[in-house]
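Undergrad: The following block contains the structure, expressed as structure tokens.
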Amino acid sequence: MSDTRSLSFLSRCRRSRSFMVGGIMTAFLLVCAAISLFWTPGSAYDITIANRFLPPSADHWLGTDRFGRDIASMLMTGTQNSIVVAVVAVSIGLSMGVSLGLLAAARRGWTEEIIMRLSDFSFAFPAILSAIMLTAIFGPGGVNSILAIGLYNIPVFARLTRGSANAIWAREFVMAARASGKGRLRITFEHILPNILSIIIVQATILFAIAILAEAALSYLGLGTQPPEPSWGRMLNEAQTLMFLDPMQAVYPGLAIATAVFGLNLLGDGLRDILDPRLSRKR
Amino acid sequence: MSVFIAKRVLTLIATLIGASMVIFLVMEILPGDPALVILGVDASDEAVRALTKELGLDRPPVERYWSWITGLLQGELGNSYAYKVPIWELIEGAMLITLPLAVMSIALSIVLALVIGLYAAANHNKAGDVTLMGISQLGISIPNFWLAILLIILFAIELRWLPAGGFPGWDEGILVCLKALLLPSLALATVVGAILARITRSSVLEVFREDYVRTARAKGLSQRATLWRHVLRNALIPVLTVTGIQFSALLTGTVVVENVFHIPGLGSLVLKAINNRDTIVVENVILLLATMVITVNFIVDILYAVVDPRLKAHDI
């Protein structure tokens, strides 16, 4: 990559307000998760009934819950959980979905038809429905919710990849590559994938946000992450029974989820503007 | 047009059959012994054998699938294991709450989207547009079940205007029931409405740039008349598609939000069924929800062709 090109990329990043704000919010999230690996202001696990419902103080920044656990620490540790779930679920969808989409675009014909029809009806099973099915059989748990969200991501990536790959396959330079005798596999990796990578990255960012939302919803229902592992969704569930006593407990976890999702959505928007300047001019 | 519809109907039927097969495979074949799932691993062999016989699980899978589907078409689903009442009764009662809730939410979100989207497009890049789009970006990021909790805290606990949850039943009068569904549908409609408002805005702006709109303006048609006669019909096509896609999000949203408000709809039914290991109820509710999603997408496909006749020629 030449110097001028990378410079203009950086300056485009700096000019996109969504990218900067979203990037800072996402970075904040990652830093919280990283710090919580070795330090939290209090304990997210220790149950000390004597310390229950303490108001915010220097020791307990956001107070304690009904078991005397430190809320700020639970929020920080919960970040890890959300990130792990989202990373694994998006990776499942990304690896399987992109491969299937590339295959469909490269082979066309029956292969494409089968892959696309399969992904069509998997849309009838949104993440929460498939998670409900899996937990009804295998019992509630973090792994099952990750699997369900990941499965839901596969057709999303497959459709997007196939659509944008088909457009590239029709371009002259691909025709030239075919005329010069390159095989379909080689063309896919040398010409198709690099050209659709930016679209896939943007989609991955947005699905990352959706995965965090879905995980929180499942944990709220009691189907996702199980105690004692702190999770934003379950914190909301526990706080709901205390709405009359201490409504602020129901505010913090939701704020954490919304911040994460908002940051990632902004980042995705910004990335789209940067990676595909044609789209940003149209808006 | 009739060929197009016939093709779509065939796809619809194939998709429904496919979905029912997936559900059957996951719920009855994958776990090995469904009777063991219902009774738990500690169950005695006799109990498992008795239940296997009672539920007809000793028959071959193909036969079981066939009797499930034929029973479904006749409204005969057997009894719930946990409640010992016909499953159809449970589902019917829950549907009478979930369906009105979903319709209310989607109607509310479309109204929200059109008002906000059109206002923002008309005031493109002015303060009102920028503020509304900022708010809608926030609306997309807020989990609906958290919004539901916040609405309860504000309207039920602080202001005491609306009930915090529960559902009185339709016998108690329509007004009381709609009041009970107001906060849940508001929680659901905010997120979907925010997404649709953004689509409406960008789609209206795009159509405003088309040549035929400029022609209409040039021949002296007023801004308002152009909007109603030329822009809206074309701009609403993408809004329609996204509404169809969002319906599935809304349905799964009801599953969660119903549990926040303790409303005895399909979402509460399926969650209780999971806790009771009532897998047959889970199976049927999931199929029902999937059928609703598939059917709505089918209707959107057809409407799409009605609104935009160009699509029929392509027949994608």
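Even glycines carry a Cβ here, placed using N, Cα and C.
Pulled the feature table from TrEMBL, pasting it below:
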type	residues	note
DOMAIN	A:79-268	domain 'ABC transmembrane type-1'
TRANSMEM	A:20-39	transmembrane segment
TRANSMEM	A:83-106	transmembrane segment
TRANSMEM	A:118-137	transmembrane segment
TRANSMEM	A:143-161	transmembrane segment
TRANSMEM	A:192-214	transmembrane segment
TRANSMEM	A:250-268	transmembrane segment
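Explain the structural surroundings of these features, please.
TA: Remote same-chain residues near the transmembrane segment (A:20-39) are listed as 13-14, 73, 76-77, 79-80, 83, 259-260, 262-270 (criterion: CB distance under 8 Å, separation of at least six residues from the stretch ends).
Proximity of distant same-chain residues to the transmembrane segment (A:83-106), defined by a Cβ-Cβ separation under 8 Å and at least 6 residues beyond the stretch ends, is recorded for 29-30, 33, 112, 115-116, 119, 142, 145-147, 149-163, 165-166, 169, 184-185, 187-188, 192-193, 200, 204, 207-208, 211-212, 214-215, 224-225.
Proximity of distant same-chain residues to the transmembrane segment (A:143-161), defined by a Cβ-Cβ separation under 8 Å and at least 6 residues beyond the stretch ends, is recorded for 85, 88-94, 96-98, 100-102, 104-105, 115-116, 118-120, 122-123, 125-128, 130-131, 133-135, 196, 199-200, 203, 207, 211, 214-215, 218-219, 223-225.
Same-chain neighbours of the transmembrane segment (A:192-214): 82, 85-87, 89-90, 93-94, 98, 102, 105-106, 127-128, 131, 145, 149, 152-153, 156-157, 160-161, 164-165, 168-169, 174, 257, 260-261, 264-265, 267-268, 271-272, 275-276, counting only residues six or more beyond its ends whose CB sits under 8 Å from a CB of the stretch.
Long-range contacts of the transmembrane segment (A:250-268) within the same chain, counting only residues at least 6 positions beyond its ends with a Cβ under 8 Å from a Cβ of the stretch, are 18-19, 21-26, 28-29, 62, 71, 75, 78-79, 82, 202, 205-206, 208-209, 212-213, 216, 232-233, 235-236, 239-240, 242-243.
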